[in-house]
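Trainee: For reference, the structure I am asking about is given below.
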Amino acid sequence: MRKVIPILGILLLSFIILGCLGSESREARLIIFHAGSLSIPLSQVEEKFTKYAQEKLGVKVTFQDEASGSVKAVRKVTDLKKRADIVAVADYTLIPQLMIPNYTDFYVLFATNEIVIAFTNKSKYADEMLKNPDKWYEILSRPDVSFGFSDPNQDPCGYRSVMVMKLAELYYGRPIFKELVEKTTNIYSNGTRIYAPKEIIIKDKRVIMRPKETDLVGLVESGSLDYIFIYKSVAKQHHLSYITLPDDINLGDFNKADFYGRVSITLGSTGKTIKAKPIVYGITVLKNAPNRELAIEFLRFLLGNEGRKIFEDNYQEFLSPPVAFGNVPPEIRRLVEVKD
């Protein structure tokens with residue numbers, strides 16, 4: 001009997017050790033580089049997926065999120081050679097332009113947005129802005145008013161904000177781009193072609209620039225900054241006041257694509273030229289993703305009903321259906337429209 005007890009103890013200890021090893025083998029981490037404007041909806045999708053993965057897949061998932069401007073998110077992979085599972089950007093064209101074919105072989109267009117001008121009741125002339133939104137460019141031109149946008153070289157919201165001001169110049173027939181951009185920064189234009197130097201210099205203390213658009217939210221909330229160009233979804237998520245811009249300039253109307261396309265910007269950071277177009281977000285799973293199968297399962301979850309509802313609850317309209325290009329994984333094909 002005395003011999004049996006130690007043997008039983010050894011067997012019990014073995015089961016405990018094997019059980020621990022087994023549970024560790026079912027843990028996984030997903031690394032996501034994403035646009036700052038996706039932070040809130042993505043975190044909510046991740047929370048739901050964590051429960052789903054534990055219950056349905058038997059996997060304990062943790063997420064390593066890195067929010068940045070979308071250009072910077074892509075360059076973490078292409079220039080810095082950092083490993084990630086998923087890249088999600090605010091301008092889908094960055095994926096085919098900079099990541100295919102070396103880093104991924106497919107991408108999905110899944111959500112839309114528009115540019116607005118956001119502020120609070122602390123902002124100078126806030127009441128006037130609300131009552132007379134068509135005077136926005138006059139208010140931003142006043143010497144006691146500060147405004148901001150994100151860095152065009154790092155963030156699509158930045159280069160879109162600059163293009164919105166050039167489109168406004170065409171739409172209103174007023175020198176809006178010259179007054180708000182060329183006089184305050186070293187960004188310049190030749191006709192409808194805009195050039196953003198690799199190092200952008202701010203020449204007027206009224207103008208504030210940050211790496212990504214969400215970096216500007218706190219400045220407006222605190223009253224340190226009067227107005228910002230930002231995505232409508234972000235303004236609503238943070239309960240900011242905002243004015244909408246005409247469809248001809250807000251980059252949110254697919255019917256205005258031809259008018260938008262009259263304007264382009266060349267980025268000093270990449271050397272690439274980007275035409276103004278309706279805002280569409282893109283997402284992909286990388287070829288060398290550390291947890292590629294699980295990343296595709298997460299993408300399937302995001303594109304499904306639960307993911308769609310989370311995005312729409314956060315004021316970000318989902319494409320119906322999402323549109324996919326390239327070597328689309330079979331796991332998501334029924335959720336998307338595949339195009340050549």
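Glycine residues also receive a Cβ, built from the backbone N, Cα and C atoms like all the rest.
As listed in Swiss-Prot for this protein:
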type    : residues                                    : note
SIGNAL  : 1-22                                        : signal peptide
BINDING : G36, S37, S70, D155, P156, C157, E213, Y231 : tungstate binding site
BINDING : G36, S37, S70, D155, P156, C157, E213, Y231 : molybdate binding site
Trainee: Just going by other Cβ atoms within 10 Å, which of the binding-site residues G36, S37, C157, Y231 has the emptiest spot?
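Mentor: Result for the binding-site residues G36, S37, C157, Y231: minimum number of other Cβ atoms within 10 Å at G36.
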Trainee: Which chain neighbours of the tungstate site, leaving out G36, S37, S70, D155, P156, C157, E213, Y231, have a Cβ atom within 8 Å of the mean position of the site's Cβ atoms?
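Mentor: These residues sit around the tungstate site: A35, G69, A90, S150, G158, R160, K212, T214, V234.
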Trainee: Reduce the DSSP letter at G36 (tungstate binding site) to three states and note it down.
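Mentor: Reduced to three states, the DSSP call for G36 (tungstate binding site) is helix.
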Trainee: Assuming the binding residues for molybdate are exactly those in the record, G36, S37, S70, D155, P156, C157, E213, Y231, what is the maximum CA-CA distance in angstrom, rounded?
Mentor: 14
Trainee: Report the same-chain neighbours of S70 (tungstate binding site): residues 6+ apart in sequence with Cβ closer than 8 Å to its Cβ, ordered by sequence.
Mentor: A35, V89, A90, D91, L94, D155, P156
Trainee: What are the sequence-distant neighbours of E213 (tungstate binding site), meaning same chain, six or more residues apart, C-beta distance under 8 angstroms?
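Mentor: Same-chain residues close to E213 (tungstate binding site) (Cβ under 8 Å, separated by 6 or more) are G36, S37, F149, S150, D155, C157, G158, I228, F229, I230, Y231, V234.
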